[in-house]
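Engineer: Below are the features I grabbed from Swiss-Prot:
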BINDING   LEU121, GLY125, HIS126, LEU127, SER355, PRO356, PHE357  (6S)-5,6,7,8-tetrahydrofolate binding site
MOD_RES   LYS229  N6-(pyridoxal phosphate)lysine
SITE      HIS228  site 'Plays an important role in substrate specificity'
Amino acid sequence: MLKREMNIADYDAELWQAMEQEKVRQEEHIELIASENYTSPRVMQAQGSQLTNKYAEGYPGKRYYGGCEYVDVVEQLAIDRAKELFGADYANVQPHSGSQANFAVYTALLQPGDTVLGMNLAQGGHLTHGSPVNFSGKLYNIVPYGIDESGKIDYDEMAKLAKEHKPKMIIGGFSAYSGVVDWAKMREIADSIGAYLFVDMAHVAGLIAAGVYPNPVPHAHVVTTTTHKTLAGPRGGLILAKGGDEELYKKLNSAVFPSAQGGPLMHVIAGKAVALKEAMEPEFKVYQQQVAKNAKAMVEVFLNRGYKVVSGGTENHLFLLDLVDKNLTGKEADAALGRANITVNKNSVPNDPKSPFVTSGIRIGSPAVTRRGFKEAEVKELAGWMCDVLDNINDEATIERVKAKVLDICARFPVYA
């Protein structure tokens with residue numbers, strides 16, 4: 001018999017220890033991976049609820065199983081909030097991840113072998129935008145576009161490639177691009193050849209929800225996002241569209257269920273509903289504004305300390321440090337900063353001479369530290385410590401000094417107070 005007092009700590013000490021250690025790690029390390037964030041306790045409450053017990057294949061009002069009257073309410077709340085938040089008239093909240101949302105878009109709009117124009121992974125794109133190791137690169141004919149010498153998207157090149165290759169779909173969005181994308185320009189290019197414009201806004205969804213970054217929903221045929229990252233919700237995906245094309249909406253729904261997934265994760269959808277409601281609050285806008293301010297403040301310090309920032313700055317929540325001139329690899333920088341309790345990820349930079357497993361850069365993002373309460377003063381101090389480590393990458397004494405400062409500031413700015 002199940003009892004409410006059952007717990008992991010008493011039953012599975014080995015697992016509980018790992019969970020507790022991860023909790024400590026999150027509190028005692030500064031998180032600068034651009035795709036990571038902290039959910040609210042409300043989101044975690046939803047994800048730990050009895051909704052995890054319920055199978056609900058289908059969509060609200062059209063389920064294959066009985067007993068769905070209350071999970072229908074949960075999913076409809078998430079759908080309605082997603083549409084309201086992003087100005088869409090269609091939303092599917094069932095994708096288990098951003099990659100699965102993207103997979104659904106491909107299968108809804110394309111046939112295997114169709115040509116797709118997507119951002120080059122080495123210049124800021126994402127695996128699902130055409131990498132040869134991903135389904136997108138294996139099933140479709142991918143033509144990559146990239147950035148110009150200033151580090152900005154080269155729309156002239158994009159237009160030229162579109163005219164030459166006649167892709168059926170053009171993908172906007174990125175995983176490591178610090179600029180503002182001109183969604184209207186991309187739609188203009190897509191329309192010029194009769195292609196779909198599909199935007200993956202996963203990295204900037206929170207900024208978009210707060211009005212800090214341009215919204216692609218009015219311009220794209222289809223938009224996807226994750227619900228974590230800047231949106232600060234549970235790990236999951238979301239598909240949005242606007243324009244009233246009911247046939248398109250049916251294709252998208254079918255591409256999620258029954259094509260790619262079976263039963264939706266109702267406890268995660270409840271978490272999405274909570275996060276979407278939180279994103280409508282005034283304090284969420286203040287938070288996202290601070291995310292952008294903090295990223296700019298960090299860039300300023302790195303530039304002043306002689307580090308090269310790809311594109312020379314940032315207009316969103318992330319930026320790339322190019323370490324080629326410092327004769328450092330991204331792998332070395334990642335490891336050294338990690339020893340100082342600062343978590344980043346190695347990342348390829350434009351024209352990177354190193355392999356993706358080594359790289360010549362690191363990606364830095366401000367969402368998680370801003371969630372802790374860091375403002376410009378704190379992130380500038382943090383960026384200075386990072387420069388100290390990178391300037392003395394083999395000096396363990398410097399790394400230990402920085403680690404002590406990190407532990408102190410983490411104690412002053414806890415993740416969960």
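Indices start at 1 and increase along the chain as displayed.
Cβ from N, Cα, C; glycine included.
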Engineer: May I ask for the distance between LEU121 ((6S)-5,6,7,8-tetrahydrofolate binding site) and HIS228 (site 'Plays an important role in substrate specificity'), taken between their Cα atoms and rounded to an integer number of Å?
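Structural biologist: Just about 21 Å between their Cα atoms.
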Engineer: Given the binding-site residues LEU121, LEU127, which one's Cβ is surrounded by the fewest other Cβ atoms within 10 Å?
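Structural biologist: Output over binding-site residues LEU121, LEU127: least Cβ neighbours within 10 Å is LEU127.
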Engineer: If you measure HIS228 (site 'Plays an important role in substrate specificity') to HIS126 ((6S)-5,6,7,8-tetrahydrofolate binding site) at Cα, how many Å is it?
Structural biologist: 16
Engineer: Rank the binding-site residues GLY125, PRO356 by how many other Cβ atoms lie within 10 Å of each Cβ and give me the one with the fewest.
Structural biologist: PRO356
Engineer: Could you round the CA separation between LYS229 (N6-(pyridoxal phosphate)lysine) and PRO356 ((6S)-5,6,7,8-tetrahydrofolate binding site) to a whole angstrom and send it over?
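Structural biologist: One finds 22 Å between the Cα atoms of these residues.
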